[in-house]
Each structure stands twice: as C-alpha cells, then as structure tokens.
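Quick look at what TrEMBL annotates:
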type	residues	note
TRANSMEM	B:13-44	transmembrane segment
TRANSMEM	B:89-106	transmembrane segment
TRANSMEM	B:127-152	transmembrane segment
TRANSMEM	B:172-192	transmembrane segment
TRANSMEM	B:213-234	transmembrane segment
TRANSMEM	B:269-290	transmembrane segment
TRANSMEM	B:302-320	transmembrane segment
TRANSMEM	B:345-368	transmembrane segment
Amino acid sequence: MIQIKPSIFVRRYETVSRKDAPMSDFLLVDLSRLQFALTALYHFLFVPLTLGLSILIAMMETVYVMTRRVIWRDMTKFWGVLFGINFALGVATGITMEFQFGMNWAYYSHYVGDVFGAPLAIEGLMAFFLEATFVGLFFFGWDRLSSRAHMTVTWLMALGTNFSALWILIANGWMQNPVGSAFNPDTMRMEVTDFMAVIFNPVAQAKFVHTVSAGYVCAATFVLGVSAWYLLRGRHVELAKRSFVIASAFGVASALSVIVLGDESGYALTDNQKMKLAAIEAMWETEPAPASFTAFGIPSQNSRETRFAIRIPWVMGIIGTRSLDRQIAGIDELVAHAEARIRNGIVAYDALEKIKSDRGDTAARAVFDASSMDLGYALLLKRYLPDPRQANEQQIKDAAWSTVPYVPLLFFGFRLMVACGFALLALFAVSLWHTTRETEAPRWLFRAALIAMPLPWVAIEVGWFVAEFGRQPWIIDGVLPTFLATSELGVSDLLLTIAGFTLVYGVLAVIEVRLMLAAIRKGPEIAKVIDDLRPSAGPAMQPAE
Amino acid sequence: MIGYLFDYETLRVIWWILLGVLLIGFAATDGFDMGVGALLPFVAKTDAERRVAINTIGPVWEGNQVWFILGGGAIFAAWPALYAVSFSGFYLAMFLVLLAMIMRPVGFKYRSKRTDPAWRTRWDWALFVGGAVPALIFGVAVGNTLQGVPFHFTPDLRPIYEGSLFGLLNPLALYCGLVSLAMLVTHGAAWLTFKAEGTVADRARAVGARSAIVTSALFAGGGVLVWLGLLGGYRVTSPIDWDGPSNPLVKTVVADGGAWLANFHAHPLLWIVPALGIAAPLLAAAGFQARLEGWTFIASKLGVAMIIATVGLAMFPILLPSSSNPSHSLAVFDASSSRATLRNMLIATVIFLPLILAYTAWVYSVLWGKVGEKSVEKAGSSAY
C-alpha cells in the first residue's frame, strides 16, 4: 500500500485549467455527459414500465384465452391503454438514444463502434422490429385476429421489448467489462476478437437479469398502486382485485429476483468494476475476507475515511464475491494498481506512436502487443498534458487517483436503491399474503401501495446513476476515458440541444402524466362499453362468453 | 458459417449493398408515413378525414420507423467512421430531425385521447412537422454528401468537422431536399389512394399525380446538376487496397466535377437505374390518373428505390467525401468495421431479415383493406 499526500486528492478536473488540458474542452465534456444523462434517465422513465407491463398484459390475456372470462380481456385492454400512453414516449425518446452516440460522442463511436455498434444493430434486427411491428397489431388487431392469434401477438410484443433490454445491456456490459476485443494500431480503434465473449459477458448477463427484473418490479408496483386506488374508492372492484392479485404475485417474484440476482456479482471482475464496488462500499482499505458491509456511514472523499460507520460483518464479502475466502480490494490498493497500469500504458503509448510513424516497425509492434491492455491508462494522463510520455510523477499519481469515482454519491445512491427494493419486496409480500386470505385486505395496505408508486422509479434512476457514474472516469472501463470520447462540437451547440431536449421532453412529460391520470380516472369502462356496443361480427371473432 | 466464405473485400461490398437496402427499406416504408404526415393538413380537412388518413398508417408506422433506427445501428456497427463523422458533422440538422421524429410516436398515440379540436389540431401540426421536416432534411443530407462535407481527421483518427448548419443548408443541398420531399409526398399520396376511402383518397390522388411529375423532373434536374459538375464529384487517385485496414488516412482522393458519372460511363448497363428513377415516378403519375392504386404504389416504391440507388452507384466506392481534405474522405474500403464484425453482422442479418420481412408481410396482410370514416368509427378507441 502506498502513502499518498492529501494534495493529490484534488483530482477533479475543475481545478485543471484549460491550458493544462489541451486535449479536450472540459465544459464540452460536462455538457455532453449532462445531455446523455438527461436523455438516458428520461428515456428510462418509460422503458422499465414497458418491459414489465408488456409481460403482465400478456399474462392477463393468456388467462383470458384459457378461461374465456371477459373480465380478463377487459383488464388486458385497460392496462393496454396505459401501456400505450407510456410506450409512445419510450419510443419517442429511444430515437434520440440511437443517434446521440454519433452526434455527441464521435470519437467514442470511431473508437469502439466495431464492438459496441454490433449489439445495437442486432437489437434493431432482433428486438425493435418484433416489438414495433406487433405493437400496432396489439392495438388494432382485436377485431381482426382470433383470440389465440392476438395473444400470440401480445407475447411477441413482450418478447421484443425484453430482447431489446438484452442487447442494449450486452452493449452496456461491454462498457463496464470490455471483453473479447483488442486495440488495432492500424485502424486506431478497438476491434472485436471474440464476439461470443461479448455476448456472454458475465457483467452483461447479470445486468440484463437485474434490469429486466427491475422493470417487472416497476410494472407490478404500477398495477398494484392503480388497483389499490380503485379499491380504496370502491370502483372497478372486480378488475382491480384481480389486478392486485396478479401484481402482488408478479411483484414478489421480480423483487426477489432483482435483489438476489443484483448485478454486484459482476463487480469482482475488472479493476474498475472493483473500484466501483469499493466506492459503493466506501471501502478505503482492503479488509481481510469476508469483508463487512457498511450499512450506514458518512464517507469523505478528502480524508479518505467513513465516519459513523455501522458495519455488519461478513455480508459484503458474501455479496461481492459469493464466497467466504476471496478478498474485496479497497480503494487504496486499486489506486496503487492503477498507477502500475498507467506506467505500463505509457510503454504502450510510446510503442503506438512509433507504429504510427513507421507501420513496419515490428519491434514496436511486439512491445505494443505486450502492453496494449494498459493503453487506456496512459490516456488518463491526457487530462494533464498532451503527450503521456512527458508526464511527471505527480501527474501519474494524479491520474491514478482520478480512477476513484466520487464516493459519497455512490455510497448513498446505492443504499437508497437497496432501501427502495426491500421496501417494495415487503409491500408485495404483505399484499400477496392478504390476497390468499378470505377477509378483505386492510385499507392501510392500499394506501401503502399508492404511496409506494414512485419508489421503483427512484430505485431505477438511482441504480442507473450508480452503475454509470460509478464507471467514471472511464467511458469504456480501462480502455477510453470519458473526457476523450466526445465530438468536437461547440459549447453553444450543446447548450442549444440540451435546452431543446429539455423543453420538448418537459412538455411531453406533462402531457403524458396528464393523459395517464385521465385514463386512470376514467377507468376501464370505455373499453368495455365499446365492446358491448360493437357487433360481434367479423369471421375471426371468437364467440364471446 | 457463411461469413467464412467471404473475404474482407466481399464483406465490405455486401455491407455497402446492405446500407443501400436499409436506406431504401426506410424510404420505401417509413417514407410513405412521412409523406402522409406532410400531406395531412392538405388532403384531410375535417377531423373525421384526418382520422382516416392517420389510421391508414396507425398500425404500421411504428414497425416502419425501425428501418430508421436499424439504419442508425447498422451504420454504427458496419461503418463506425461514417456514423461518427456524419452525425456529429450534421449535428444541428440531426437535432432537428430527432425533434421532428419525436413528435410522431406521441402525435399518433395522444391525438385521439381527447376530443378537444384545438388539442387535435396541435397534434396534426406535430405530425405534419414529423413527416415534412425529416423528408426535407434527409434530402439535404444527401445533397451535402454528394457535394462533400468539410471535415478532416487528426492522426488519432479523431474526426473534426469544420462547417456550420448554414453551410449545410446551401441552395444545391436544399434542391436535393426538394427531390426527397417531392418523392416522399408522392409515396405518401400513393399509399393514401391505395389505403384510404373517400375524399382523402381523392385529394391524395390529385396531389400525387402532380407531385410524381415534379419528382421525376426534379430528379432529372439533379442529374443535370451532376453533369454540370455542380453537385460534387470525387475520385480515388491512389491504388485501392480492398483488403486493407480501415484507416481513411492512407489513400488519396481529388475533387473532380465529372467523377459522379464515371461509374455509369464505365458500366453503361447501370444507366438503367437513373432511367428508372425518372420513369417510375412518371408511371406512378399515370397510375394516379388511371386509378390503378396498387400499381401506382408499386411504381412509386420503385422510383424511391431507384433514386436512392442512383446516388449510391454514382458515389461508389466513396461514402462521404471531405470537401476540405478530399483524401480524408470515407470510402467503402477504408471506413468499415473489422472483417469479424462485418461477418458477425452479416450472419445476424441473414437470420433475422427474412424473419422480419415474413412477419411484417403477415401484419400487412392482417390489416389488408381500405380505411374509411365508417371503419374508423367502428374501431372506437382502438383506432387513433
């Protein structure tokens, strides 16, 4: 372990003048990050509900097809209306996501497009087409399809939405744990070496299960809350009761999945994932295994300690390593490791410069091949000077410290997310227990379900923040620092688009919430009345019950 | 696996063709949705008429739009340098396209949620913007691509764009925007005559018969501009290494006013493509007059495909020329992904594209038939 003087902790780039950091305009970097955070967080207000509600709707429709009880079709249609209002904004904001890598992150797009682009394209081929082609038929196909065919359409739509989560998390998982790829000095970018490793990246798989389960929790909470509101008012009781049951059962299963199969299992894999875990835990020094879990405390970035810590022995070691004997590295140890990788990265950088000036330099290529895994660490020095080879000791130490994300935000963010998850699990469990009993569920439970409605969104948005802010300073862990990855745009371009997106997204959010509330207030009658009025004509119609 | 049969050169050419397939797929499907959006205020005056027009595309526009999303993803995966340079270079133009296209999903879904006429009129304009603005800007982007765009790379291959939004909106590029707008308005009109009943179809027929002729004339005029050397022209002057690494700093390229015709001169059979680009819209115009709705739509589709294919064939092997540093232009042989990625993506495409085409065809067949005021009324709240 190395001793580091306090002056080094001043690592945030606000303290670095632009003259000292010629490679990038940091305001541009901050604005690009702000824009990505805004558009991604906003998009992700709608996606989780889509993920879960599509499955819940498909389950309701399956019950209808199996039992032929019209109430289940009414439920499918009613929750389908709410699904549609939410889905429209998910689609609208998803358009931005597909293109803003190229718009705001041009160097990133060049640098990793060979690896990162493929899952995105496959997401389109495998998931978006399925989802978007069948969502139209879900709404327009009720009179044109047999009930079985319509149910199949609903399941295909749900499958499509869930597949899209798989591929986007394979892409995101690669940003956290860049497997199956290597830097090619002839094309100056990362290229894929083992696509199967990218697909079966353990971080991606863990993230997929965790994120999709979180979406299911979100939808279960939504259905539970809306149903509880009806039950409190004695409206649409038949529909609300059944919805309440299905939501609480689905909720228990998905909340257990989201907690037990949390994605911290992937945090032991790379140096930077380890750093994220150590930061989440505010674990400044390596502890003997199994490490204790800090339930609460006040971490301080500057004094590198966690005050008022309440520690629970063993828990962290078990969560983090799924073992009793493996150690979890502390921040100090990881910084020392980063410093060694920076020094090796400078060797790689030097070799790469030689290759650039003489493509046939085989000696330089051999050196590069042996050290290229640390090239990204040398790039961290570009925050302080244009040529990493000229870095002094202080700059190397500063760069090593720059691999520590801001601990307090991660520490508290993670705990907020976990608290929401456990609160929801408790709510679902109590709800499910009450639905198995003969007596009416108590009104306080309905009120609790109503109050709990924002919780999954809080947990999900904070969870995104912990995962992506915890990845900093990297855009691709250990490969490319975020501050190098932007487009060469003007600050005014960014300000204009941030203002534009904020304005449009803000207006659309207000409209969406109003429509959603109006549709909930109106309740399911519309669908039912129109059904009753509509002549049951059409050869494909199944005989109504 | 199929990928191993192909060398790097073949994979690059296949992905150049697939790029064209995606762009044509987008324009031929979502193109009519945009055309309907652009025509909405003109072919449908009352709320009932507007609902007819909107519901002809209501169930299908979403799947069609995926061609656009997939186009973005596929360019990212197969042509990362093109993705990086074009979207950051066309930054504010892309921003306008995104804002316009964001209006469509919400416009379609939310318009019918309230009966208030002011509410519906606002969404009608949102749908108009969502159709007309992208239709125009995509053409402007093609115009700029033909002329060349001011950009260069640093030795680290960081793309630096040197132009501005107003540089993009130059008169010749705007001319190409008009070609695109006229083409997609015609396509939207062809769809409406095919799919809608009553007044909406009649008005669309009247517009389409004219806009089809305009499309043909504007496209032919674009050919004249190319012939005069006004719409760019670039030529690779160094030997091409088709199997070489994707590094756009190795070759040399010069600006040459006549170069966009070189492929046609070298392979005269290719003239069929621009000839059909001129003839197919005229056939569509005749189809509108003769009320052969299905044939009109097919002719319009053919016109869209041939007009886009003409641009690609004219520029091959260049993808995006640089006007300020022609040698930094992006070409098929130096802007692609690695061989492994092109192969992996081809395998995914061979598996999924036929499936997509099959289920899309099934969905269209389920939705077969005309949409009129009565059928919209009958569908109740499940219609838009």
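Backbone N, Cα and C atoms are what each Cβ position is placed from, and that goes for glycine too.
All annotation found in TrEMBL is predicted automatically rather than curated by experts.
Ranked by Cβ pairs under 8 Å to the transmembrane segment (B:345-368), the stretches B:13-44, B:127-152, B:269-290, B:302-320 are led by B:13-44. Counting Cβ pairs closer than 8 Å to the transmembrane segment (B:172-192), the top stretch among B:13-44, B:213-234, B:269-290 is B:13-44. If one looks beyond the transmembrane segment (B:269-290) by at least 6 residues along the same chain, the residues whose Cβ comes under 8 Å of a Cβ in the stretch are 183, 186, 189-190, 193, 205, 208-210, 212-213, 215-216, 219-220, 223, 263, 296, 299-300, 302-303, 306-307, 309-310, 313. Comparison of B:13-44, B:89-106, B:127-152 by number of C-beta pairs under 8 angstroms to the transmembrane segment (B:213-234) places B:127-152 first. Within the same chain, residues 33, 37, 61-62, 65, 68, 126-127, 129-131, 133-134, 137-138, 140-141, 144, 149, 151, 159, 161, 163, 165, 168 sit at least 6 positions outside the transmembrane segment (B:89-106) and bring their C-beta atoms closer than 8 Å to a C-beta of that stretch.
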